[in-house]
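Positions annotated as domain 'STAS' by TrEMBL: 587-684. Sequence annotations record features per position, and here TrEMBL assigns region 'Disordered' to 619-647. For 82-109, 116-131, 137-156, 168-189, 195-213, 280-303, 335-357, 419-449, 469-501, the entry in TrEMBL reads transmembrane segment.
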Amino acid sequence: MFSSQSVGDVLRRILKIEPEPSKDGQPPVYFLHHSNSGIDYYTEPEPTVGGWLRSLVPSPQGAVRYVRSVFLFTQWLPRYNWAWLIGDSIAGLTVGFVVIPQAMAYALLAKLSPEYGLYTSFVGAAIYWVFGTSKDIVIGTTAVGSLLVGSVVVAVQEQQPGTYTNEAIAKVLSAMSGMILLAVGLLRLGWIIEFIPYISISAFVTAAAVTIMSTQFPTLMGITGVNTREAAYQVIIESLGGLPRTQVDAAIGLSCIVLLYAIKHFCAQMQARHPAKQTTWAIVSSMRLTFAMLVYTFISWLVNRNRRETPAFRIVGHIERGFRHAGPPPLSKELITLVLPELPAILIILVIEHVAIAKSFGRTSGYDVVPSQEILAQGASNLIGTFVGGYACTGSFGASAVLSKAGVRTPLAGLFSALILLLALYALTAVFFYIPHAALAGLIIHAVIDLPTPPKTLYKYWRLSPVEFVLWWIGVLVAIFVSLEVSIYVTIGTSLALLLIRLARGRGHFLGRTRVYHYQTPARHAPSPMDSNSDLASSSTVADRHLASFHERPGSGYFHSKPRDIYLPIDHYGASNPEVTISDPYPGVVIYRFPSGFNYTNQAQHIYRLVSYVKAHTRPGGRQASSKSARLWSDPGPTSGQDDEATTLPPLRAVVLDCTGVDGIDITSVQGLVDARRTVQPLGEKGACGSWVWGAGWDG
């Protein structure tokens, strides 16, 4: 029977691969044993591909840990107690009443009837506790997510008008997004979201808020004949042109916004006057949406109870009781093909919005949030939700804030919210009949009007990164004049291009030597921020040329330690003092520092700069360099003046590579270094090629 070693030897001979040199007979590596001052030794085994592959196979204990990490409730549910139950029940029931009007309003943004928002919020509340890592998050409908779902519905209807219902399109979109998010979560690929920059999301949310308000304004004012499927700027123009067609709905919508802001302002004033009851007034403020819906539903019932067929203003109308739209999604090949191109933007926004909210509350409350597990919870909610009539959902910041302020203790609070939503679906659908559309539009506008990035934050963008500030404006303008989907692709694509440019064109630096001293002043001369006569001693570090002022004052009490050499960029890049003289480290020695990473994207630039610098600062050595016949046709050789100057330059003795900022290296980079060594070899001293030394800070 052949051993793996003999098979490997046969394959090496066939493929003509030279075996690695054996290390047998070499002395072992010794380590000092601290406990008894003895000496231990350890011989590191050679790494193999087979060993690496075997390390990827999970152990039985690892498989058990993975299953427990997926179903996180198994870790905390056995410790559940009555105190947690009381806190979860109060918080969950409170959020349930807050979510009902929001869910119904946001469903209209998704081009669906209001009950679909209740389905979506019910599934998110009922499932999240099984997988989630945050006690504060509430999965359900959101304004931005619903708007994106509505844009997909509109896009499919424009391509295949009348072929599929809006509900079928939303179901397929939810199922596909759920399957993808579920796979990302199970494979623990949550780190992918780090490639999506914050500036892209900020621009998108701002543009989405403008788009939402523009599409809801005609409904708020009762203006008909406005095509809200157009770009935001066209909707705004058509809405302003339709102001003469304003109807009585405007009285409902505008007064609803005024009422909501009046309650918000009143509660904020009460929080300031009564700090001990801030939480109570915050919860009261969050219930203003529910209160407004009850008020205007009652007004609508008084006005329209005897004219259900011809109401005085637009109302929601009949809503199916229970889960009448439950069923599997119609996953036809044609519909999947139509939805698939719209899916990336949906996934990006759903994931970023959810994880950002979860991390925000995690930092506030002092617990850790696992992005992969949150994505898994999202995927499960979207996939299961499509079977009961839900559409794509994500974390809701408003509802999550209410849950946190209400004293939630564990993720199980979502079950109590689900009970309230279940009650609404089976007992309150007759009441929902009279909800005015204008009131729902006012609720939506009130909810999103604070989403745009404020000018103060934009000014910070300008101060921190002018390039990204311009990118933010590009994203907003593209969203308003083209579409939200194109905006998110443009901003993310441009951000990634800027990142690649920074990686590929990052500038390395040649280092020189300067001498510094650490000096200390006596107590009587030490300055103090508060008093110039302070007795506190002080110390500092100065470069060689600045030490003269202290040497010229004998007896002053200033003293310094022995000098030490430090290495700084020769071109004074960064915050080094431009008045300090930085000299070459040693004749014929070149020190080059890589900025941040050395890989295939930037190795050509670094190698070119390194070789060019070596050629310019060392003289050719050896017979080959001085021979005209040995010179390349493209090398004209030095002129008479340059030849005289070159005689004063030192030969190349060593090239030191400072790889402190390099965390890994690839084959292209290694080959570049090999080529560079071959190129500068003739510059070495009479047959010497110069030493190449890697910086001690490199961990690669």
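Using the three backbone atoms N, Cα and C, a Cβ is placed for every residue, glycine included.
Most Cβ pairs under 8 A with the transmembrane segment (419-449) among the ranges 82-109, 116-131, 137-156, 168-189, 335-357 are made by 82-109.
A contact links the transmembrane segment (195-213) to the transmembrane segment (335-357), because at least 3 Cβ pairs that are 6 or more residues apart lie under 8 A. For the domain 'STAS' (587-684), the model's average pLDDT works out to 77. At the 8 Å Cβ cutoff, the transmembrane segment (469-501) and the transmembrane segment (116-131) share fewer than 3 close pairs (sequence separation 6 or more) and do not count as touching. The stretch from 82-109, 116-131, 137-156, 280-303, 335-357 with the most CB pairs below 8 A to the transmembrane segment (168-189) is 335-357. Sequence-distant contacts of the transmembrane segment (137-156) (same chain, at least 6 residues past either end, Cβ-Cβ under 8 Å): 95, 99, 102-103, 106-107, 109-112, 117, 120-121, 124-125, 127-128, 164, 166, 169-170, 173, 204-205, 208-209, 211-212, 215, 229, 335, 338-339, 342, 345-346, 349-350, 353-354, 357-358, 361, 374, 377-378, 381, 391-397, 399-400, 402-403, 411, 414, 417, 444, 447-448, 451, 483-485. For the transmembrane segment (82-109), the residues of the chain that approach it from at least six positions outside its boundaries are 115-118, 120-121, 125, 138, 140-143, 145-147, 149-150, 212, 215, 283, 286-287, 289-290, 292-293, 316, 391, 396, 398-399, 402-403, 406-410, 412-421, 424, 432, 435, 437, 440-441, 443-444, 447, judged by C-beta separation under 8 angstroms.
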